[in-house]
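Taken from Swiss-Prot as is:
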BINDING   73-78, 107-111, 131-132, Lys143, Lys152  NAD(+) binding site
BINDING   Glu185, His248, His265  Zn(2+) binding site
Amino acid sequence: MEQIVIETKTKQYPLFLGEGIIESLPDILRQLSFSKGTKLLIITDKTLEQLYLSRLCALLANDYDVYTYVIPSGEEAKSFEQYYACQTAALQYGLDRKSLILAFGGGVVGDLAGFVAATYMRGIPYIQIPTTLLAHDSAVGGKVAINHPLGKNMIGAFYQPEAVVYDIAFLRSLPEKELRSGFAEVIKHALIRDRDFYQWLRQEIRELADLKGERLQYCIKKGIEVKASVVREDEKETGVRAHLNFGHTLGHALENELGYGAMTHGDAVALGMLFAIFVSERVYNISLDYDRFSSWFRTYGFPVSIPKQLNINRLLEKMKGDKKARAGTVRMVLLKDIGMAEIKPLDDETLLALLRKFQREEGENDPRNSRCHYC
């Protein structure tokens, strides 16, 4: 079991990483001073309930009062209705300020359960137990939120967990599309801050099937280390932490416009990163070898163009709702070079022209468009 220290200006906490480490959870809780008899509320989703929940409850039942709340699987669960239902469950189970919430699942569960913890009785402890590759990003750094019909993650808080317990054995049950979705965030971390890691990914992860064993654990560790280094510098996203939104300006707009769940978060972010590289080459008058990136992304099955059915003007309006925007002006995270990110404001006219060009030029290269994969 590896241990990584996550450090911010307000808190320091451990991240435990390894195969089969969930069996050590009772010991970890004792190490974190959660005494016998503490009330635990496990928030998870339908998929994890069927696969692992009974095992997790049995693991903890000897030492703790264990309660559960199960949400629907999928992005739609990051809603006010589910948030309110979780709060109701916490009240009915009699949780107090010494109780603990366990966020057992992927990014949706982590975001929702973390926001429940941040606001229940003005804040109680929680621990992230991620079960997806995507959650290597969302489980670290304390950003918790639910969605609003007008925008993704618009209602939330910065609230750090007590710990992260990342057992990569859970990733074996992931379908290919979810593994691909999480890998997009791994690529993101390399592109914004670690050129050497980017080169390693190109050499070692030739296909999604390579994401297993030591390679998988290394990917997770490197991604977490990049995320931790950024969060250490900027916990509340006032500066460089916004670089972690590389690919998310268009990505979130696509998710919102298509309807949450129609396109996986990772597919949307991958397409957003490709567009950001496309824009970077034109804004900075440089070559990042865009065509090579497009081919590379395609080998993993990522979409490489904006679905032709989507209206570009509507997409722009969604992008203007991004949290990085200022006074109605879109601010995108671009690359000056691999490993060197920067936030750049872009006017509507420039963005519309680039969106249209990107949609037109890449449309013929993406087989998903021809069969209306998302629309």
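Yeah, the Cβs are placed from backbone N, Cα and C, and that goes for glycine too.
Distribution of Swiss-Prot features across the structure.
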residue : record              : DSSP (3 states)
Ser73   : NAD(+) binding site : coil
Gly107  : NAD(+) binding site : helix
Thr132  : NAD(+) binding site : coil
Lys152  : NAD(+) binding site : strand
His248  : Zn(2+) binding site : helix
His265  : Zn(2+) binding site : helix
Determine the Cβ neighbour count for Glu75 (NAD(+) binding site): the number of other Cβ atoms within 10 Å of its Cβ.
20
Among the binding-site residues listed here, Lys152, His265, whose Cβ has the fewest other Cβ atoms inside 10 Å?
Lys152
Residues near the Zn(2+) site, Glu185, His248, His265 excluded, by Cβ within 8 Å of the Cβ center?
Leu134, Asp137, Ala184, Lys188, Gly247, Gly251, Gly266, Ala268, Val269, Gly272
Same chain only, sequence gap of 6 or more: which residues have a CB within under 8 Å of the CB of Ser73 (NAD(+) binding site)?
Asp45, Lys46, Thr47, Val108
If you measure C-alpha to C-alpha, which of Ala77, Val109, Asp111, Thr132, Lys152 (binding-site residues) come within 10 angstroms of His265 (Zn(2+) binding site)?
none
Cβ-Cβ neighbours of Ala77 (NAD(+) binding site) (radius 10 Å):
25
Rounded Cα separation (Å) that holds between Glu185 (Zn(2+) binding site) and Ala77 (NAD(+) binding site):
21
Tell me the Cβ contacts of Val109 (NAD(+) binding site) under 8 Å, same chain only and six or more apart in sequence, or just say none.
Ile43, Thr44, Asp45, Leu48, Ile71, Ala77, Ala103
Helix, strand or coil for Glu185 (Zn(2+) binding site)? Use DSSP.
helix
What's the CA to CA span in angstrom from Glu75 (NAD(+) binding site) over to His248 (Zn(2+) binding site)?
16
